[in-house]
Amino acid sequence: MSETSPKAEAAKLLPFLALGERADLQAAAAQHVLALTGSGPGRTLLAGQTALLRALVELAVAPPPAPARDAARALVNLAADPGLHKPLLAAEPRLPVRLLGCALDPQWPWAEEAAAVLANLSREPVPCAALIEALAAAEPGESGLERLVRALCTPGYNARAPLHYLGPVLSNLSQRPATRAFLLDRNRCVVQRLLPLTQYPDSSVRRGGVVGTLRNCCFEHRHHEWLLGPEVDVLPFLLLPLAGPEDFSEEEMERLPVDLQYLPPDKQREPDADIRKMLIETIMLLTATAPGRKQVRDQGAYLILRELHSWEPEPDVRVTCEKLIQSAASRTCWRCRCLRRLSGSCSSRITRSGSSVSGSSRSWSWAQSHKQRELYPREAPEACQHFWAHFSSQSVQASQTRPACCPLL
Amino acid sequence: MEQQEPGATLDDGMDSFLEKFQSQPYRGGFHESQWEEEFEKIPLFMKNSPSEIDPLENPDLACLQSIIFDEERSPEDQARTYKDEGNDYFKEKDYKKAVISYTEGLKKKCADPDLNAVLYTNRAAAQYYLGNFRSSLNDVTAARKLKPCHLKAIIRGASCHLELKNYVEAVNWCDEGLQIDATEKKLLDLRAKADKLKRTEQRDVRKAKLKEKKQQDQNEALLQAIKARNIRLVAEAAGEDEDSASEGLSELVLYGLSSENPCGARLGVDDQGRLSWPVLFLYPEYAQSDLVSAFHEDSRFIDHLMVMFGETPSWDLEQKYCPDNLEVYFEDEDRAELYCVPPSSTLLQVLQHPRYFVKALTPTFLVCVGSSGFCRNYLRGKKVHQVK
């Protein structure tokens, strides 16, 4: 029996993936490719197959009866690997544009998968820039970003796809100043529409994406006053997921913002620890300026954080909460106090963990591993958090028909 | 002026016209005394137009009006005229007349959808200032049907929803408007306002719910306390016997707990879990009564009587109602029997008596002077028991 190389085997699939081929053959070939993308070696193999990648992209955007869903899922797994971004974009330079069209098409049934591919792609700077370009070149009359925000904020925008992954896409895009400028435009109503989504019950992906976006926006110090002011009023929306069914006294209750008063006894806190951490970090960013600190203090954030601290089960979130409480309760920012302490040769109470954020055992981690210091840049707010959307790559046997990418929520 | 040959003939005509006045006085002038009123009547010089045009009083004005509102003009022209008229009334803040004008314009049913949309929107504005927010909303909805992108209609509609406290709808309309013009300042302001009011309203609902729940819990606790003491309650309505369904009774009791009797006294509980009842003392001899608003269940009758009768009351004509003389009874209404209560007993002891039924959560006792003739008469023929 002659030995055929894996590359040759893979190349054999190519004819069956062509558009216009018999639908059942296309479907089988797509499933095979999908299974391949489930493993590292499989993906590496596919990386070299430019023609195959191009055919896959064509299938992913093709109308039924083409196996667009499986093709899109294969792309999701491929895009999860940063090493594959270059081959993907080389195979099809218009990949971001075409996927964007699918993701924002109210009628496209696999818009969620398209959005997931974009979420993975936009992690890296080169595809992110390509995506921003694609958004800028949208039809006249409505900017691409506006369409994206609208698709994210309008319930039922797409009757057949939930579009949760547009959250992470936006979060990744908000690394760029241009996106932040659009989101924080005072003459428009953009960031305000995102705020209620911090409480979106049906998807932690969407919630996480929105909170990540807000956190990146809060790097813009000069917008803090506006963000904390009545036109946006961002703080209650950040505190609400952190608040539980606490029974405050009348006096304490009146100090809180309206949204946090008299919460019912069945109020749940944000279940995802990483999102809780991001929320606390966002509030911390808002305390970077003196007026911001005052505002955060005056709106009773301390009460909520105090209760959160006594409830919080995750140690690293608790530490972050402590830092914020110290910052919110004091008049100077924690950095200055820390420096003063060090210079005064007192032991610093602030734990400086140089190690990365402990990764949860879950298949995706929201926050990139980051040293604490880098969250609070002294200079202009250019350093933004990257957004990682990791999909589990379970090795799948070729016979399995279930797709290998992580099941969407 | 008929067309004559220009030049000399005009001058001639003028000359002969003027020469007339050398012999005759000019009759068409104003009267000296009332020239101002007559001045006002000439349409060209009018400062304010009369609200109703009487053809006899003001023939010139009536004539002009009939030209403007001539039925022979096209519907579009007529509608436009009505629109302008309405706008004029609107500027003068005469919103009722403005509505009428716009309505007339709409009645013409002209074929121009833009004009009709404007008529609807303007009428909506007038209705808004009259406070008829629902009518205004109907009008802007009609306007939007004709012209979906009419921003003024959307702004007006959002304002109406805001006034009607439909905050969610107001935000939705603002969002729709912002899709047409993302930077329209009025919509941004309206949206922020509506959102804030919506969140405040939600807070108020939560607050009320919590308060109600607290109240219910308190009432439940009181009911439990009463039950634990084995105190029998009876409903106030006649015909309701004590064996009525427990839910019915406890409902009545809870109702009684949440309402207050006319003097504002309620069953209360202190920090140690002891109850205080509002107690009514009746004096059948003189048809008088006293209400003790908070009779602690562990305090004795005699203590209260000492305070109440420290000075003899004004209605005590014979000055005999002193704490030492008084006898306290309660009545068992079912059996029409009286029970004499020793004044040294506490309220709780009496309330727990198997034949004592608390009516309307207000224990009632009869007081009279034991040795008096009235008392003997009152008690005659009735079975009297002693409470130990």
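The backbone N, Cα and C atoms fix where each Cβ goes, and this holds for glycine too.
Positions annotated as N-acetylmethionine by Swiss-Prot, on the basis of similarity to another entry: B:M1. The phosphoserine annotation in Swiss-Prot covers B:S51, B:S244, and the record cites similarity to another entry as its basis. The repeat 'TPR 1' annotation in Swiss-Prot covers B:79-112. Marked as repeat 'TPR 2' by Swiss-Prot: B:117-150. For B:151-184, the entry in Swiss-Prot reads repeat 'TPR 3'. If you look up Swiss-Prot, you'll see B:K152, B:R156 marked as site 'Essential for interaction with HSPA8', on the strength of similarity to another entry.
Long-range Cβ contacts of B:R156 (site 'Essential for interaction with HSPA8') within its own chain (separation 6+, distance under 8 Å): B:T121, B:A124, B:A125, B:Y128, B:S136, B:V140.
Away from its own ends, the repeat 'TPR 3' (B:151-184) comes close to residues 117, 120-121, 124-125, 128, 133-134, 136-137, 140-141, 143-144, 190-191, 193-195, 197-198, 201 of its chain (Cβ-Cβ under 8 Å, at least six residues beyond either end). Mapped onto DSSP helix, strand and coil, the repeat 'TPR 2' (B:117-150) counts 28 helix, 0 strand, 6 coil. Mean pLDDT for the repeat 'TPR 1' (B:79-112) in the predicted structure: 92. The C-beta environment of B:K152 (site 'Essential for interaction with HSPA8'), restricted to residues of the same chain at least 6 apart in sequence and closer than 8 Å, consists of B:T121.
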